[in-house]
Amino acid sequence: MTGISPNQEQETLIEHIDGIYLVDAGAGTGKTFTITHRYANILEKPDIEPEDILLATFTRNAAAEMADRIARQSPYDPVQLQDAPISTFHGYCYQLLRRYGHEIPAEIGIDDQIPQSLELIEDGIREGELFNTFITRFEDRHPEYEHLFAALNDPSSLRSLIAELAAKGVIPERDGWYRDTGTPLFGDREAFMDLFERENRPNEGANGPTQSDARSSVSGWDATEYVPDAPTADEVVGYPQLHTEPVEQAFDEDREDLLAFVHDVYFEYLEYALARNYLTQGLMLAMAFVMLCEDAAVREQVRHQYVMVDEFQDTNELQFKLTLLLAGENNICVVGDWKQSIYGFQYTTVENIQNFEERISRYKAELNRDETRVKYAVDEIETIPLKKNYRSTESILSLATETLTTPATNGESLDAEEIENEITPLEATSRVDNSHIQAVTHEDELELLLDRIQHVVGNEDYSVEVRDEPASTAEMSVEEQAAAERERLGAPSYSDIAVFTRTRSFARDLLEKATEYGIPIAYEGGVELFDTDQAKLLLAWLRICESNDQRGWATVLEETGCTLSYAREILEAEQYPDAMVTFRDSLRECETIGGFVRMVFDEYGYDGAYANGLLGELTSMHETTLATRSEAIIYIEEHLEAGSTVEIDSSPGEDSVTLQTIHSAKGLEYPIVFCANVNRRAFPHYGRPSSGTIQYREPIGLRQRSVYSEASGRPYVHSHWPYDLLTGCQPSEYDEERRLFYVAVTRAKRHLFLTAGDSPSPFFTELPLEPIEPEPSVDIETEYREDEVPFSITPPERTKPRRMSVHDIMDDSVYDEVTEGRGTEFGDELHEFAEEYARGNDPSPSDDDQEHVVTLLDTLDGTFNPEVTAILPLDLDPQVTLVGIIDLLVIAPDRIQIIDYKTDLTRHAEAEYRKQLSVYYHIAAEQYPDCTISTSIFYTAENECVEVSPLTLEELREITMPVVGENSHPEKI
DNA sequence: CGATCTAGGATTTTT
DNA sequence: TCCTAGATCG
């Protein structure tokens, strides 16, 4: 990078360690070098030990690299630095919380403790399973939110809403919001009206004013989509503007229920997670925040004399506030580059760095409102820009600047001057600018890419630095430096090239094509492991063993290469090959999933990275439900559906092109960069991750997208007109896509290609480059061997099963019975008590009902499994899976007992409960065909266990069928 | 004829 | 959520 000695700006930063510094560290400016030297310099101060300096990074790898480099630059060795706070925010706060946070849940009204063994769940799918169990239970226990649940198309999306709120610093407590952190949820009326006023200003057409942006985005206003009393098009849409009144009315809509709902879900999820000794990353940070706010002694103890935060553009609001609380004095140094802020979807906020001065004062004031938590002054902030770029040529840097002012849509107008004013211009230190910067396009973009790669490799025109010698030094004249640099140049090889794409799917297509031609390309980053042939085959055998599944057999037969028609014959006659039947029977003997997986892969001779990855994933999967095989099937299916990715250790490629998404390329550099797939709808990517029914957005706060209502005469889920109106009045933002573009371009040291197919995006066409259209002709480098991919699978079309709660098939009136009784809280507490007791935690009963539970459980024989998630597929068209939670499943050698607690004072609802228990019955019947199964309701008030005879599957289907259309797929009026 | 408006098609990133 | 093609207005 810089050789040995820092440049002047770097020197300034390294030497000045006291005070607040905002470092604008653009791409390739030697940021890590500077930070590590600064750290080493702070250590030289007398009385300063590594534990006095907190160095927070964004990734674990970055933390490890920092520690490694500091060890080389300071008298401390890696072992001494091992316990130093050089860590990610998450890792650091996790330690703090486990050490000092035991009593913290009480501060927000949760009667629980944080144990040493607190588990941090990082696997999204696993957390999803836990959350789904929670939310099913929550729905069960909160009949007052029935109407909200009816409007939710996917309750599991509440999980990401919670994560988002936590990142914003919104934290619930038992009654209301912790330290008023819930304020943003209400929205900012003034800010919104400002925004609206701007969006609703008429545009200037050639013949006078034309409709405002706000008007055009709600031009198709159709009152019939909404509840009957929604404003009509005439009331909303004027010309050339929207009318103000309905917009104000929309902003001021009554959201008391919605806010209470989100509060309760959030709060009870925290309770639920803590009761199970786990937290997610986001919730953990939130609890650490509460701890540092509430416990002055801990705050004093953990505070650091110096705090440095790397990649500050990737922090969220909560992390900013944590930084303030963790600093003991105003020796704070944040380093980052707003132009590389690309993780908005992880709820980071670029404003942390862009409006640093304003935010630091505001957050300090907030934190000090009732007690002085931040003791130091924050009004003197030194901004240090690092300007010297040690990576790219002048031409690359100049194009990079252009990316930030490139419009992302046809109509978008950007104030280029204003943006440029925010950019610290970078100076290239490279003396030889031999850059080729080309925009190339062809209808077959994959061929084009491969063609260009072959064109570049070994081509002197595209020279890159291939030698370290002779080095340039500061003592040399500019001419001497240039001469030295020129001598280091030579023709590039494959490994000098990187291809970046916006989407993983494009990368996968390219990988496939390159393999065909034998061009060495290695994909780096997450792989859709569950979408591989290995995973599909494994899934097939699991299904075969589980239920002699025809799809499974079809996959397995197809893999052997037999023709489709022959496979069909076998399937119809169910005369499977003997070898396969034998194999299936021995597979069925497997007791563990690990053994099962190994056996399948051994049989097929799979021992590569994918096979090992799958084995690892499936064996680490934890046991929450009934049978391991069916659990594995669901696990794979869910991962497949969620498109989840897993990092796989692939064999290190020798001389090959690197292929990765732009996101995963951050921080890296390559001599030659292809920024591929700069196509319409691909890059920039339009549209937000707006899947959830309930959303938070600045400045309108928490809103719901659809509502359940019977106002039109029958049950129906309507679009919610205030949401449509308010979001229609908000401008769309593509700044993050532009920054992504900037990141891609600034990875290049010397040469840069933008490639596009037949419909290039504005990013391609609006850059000041003349597009060229070479005719691709790709040479085959090594013969493509067919047997490397021995089979291709086209699984038969299957409609996605609809997931419904067992409560959907029950008559709503049963809930009324419950509420007329003793309220939901009573029921909740009883269930919690029963669960604890069943787990053997021996809680003491606090009322008669709980006593009765104790009496009951003490008489039962067998293993107790409380709160078991139960999933029953129903053979309907469309396929339906009913999901519920079994309160208690008791497993004895030959007998299975299913018990559901009811706190009702009467038995009016028994007929409805029978449906629920029947579902559980059939699940158990399938899992344990050799056992007698009994299903009972335990009326806790009466201390009586009533056995319920189950409905048949056929009866269940008949009950479910009419509800499917009504609940999960409301027809439009 | 030009300007403006309206209806349908297509679709991610990951500590 | 943007964009294009066709409809409609003046």
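Here, residue 1 is simply the first one shown, and the rest follow in order.
Cβ atoms are placed via backbone N, Cα and C, with glycine included.
Classification of A:ALA25 (ATP binding site) by DSSP places it within a strand. For A:ALA25, A:GLY26, A:ALA27, A:GLY28, A:THR29, A:GLY30, A:LYS31, A:THR32, the entry in TrEMBL reads ATP binding site.
Marked as compositional bias 'Polar residues' by TrEMBL: A:208-219. Under 8 Å from some Cβ of the compositional bias 'Polar residues' (A:208-219) lie the Cβ atoms of residues 196, 199-202, 236-242, 724-725, 728-729, 731, all in the same chain and six or more residues away from its ends.
The domain 'UvrD-like helicase ATP-binding' annotation in TrEMBL covers A:4-393.
Taken from TrEMBL, the feature domain 'UvrD-like helicase C-terminal' applies to A:394-667.
The region 'Disordered' annotation in TrEMBL covers A:200-220.
Looking at A:ALA25, A:ALA27, the binding-site residues in this record, the fewest other C-beta atoms within 10 angstroms of the C-beta turn up around A:ALA27. Note: the ATP site is recorded as A:ALA25, A:GLY26, A:ALA27, A:GLY28, A:THR29, A:GLY30, A:LYS31, A:THR32; in the same chain, A:THR34, A:ASP337, A:LEU386, A:ASN389, A:TYR390 also have Cβ atoms within 8 Å of that site's Cβ centroid. The candidate set comprises the binding-site residues A:GLY26, A:GLY28, A:GLY30. Of these, A:GLY26 has the most other Cβ atoms within 10 Å. Counting other Cβ atoms within 10 Å of each Cβ, the binding-site residues A:THR29, A:THR32 show the lowest value at A:THR32. For the compositional bias 'Polar residues' (A:208-219), the number of residues in each DSSP class (helix H, G, I; strand E, B; coil) is 5 helix, 3 strand, 4 coil. Counting every protein chain shown, 22 other Cβ atoms lie within 10 Å of the Cβ of A:LYS31 (ATP binding site).
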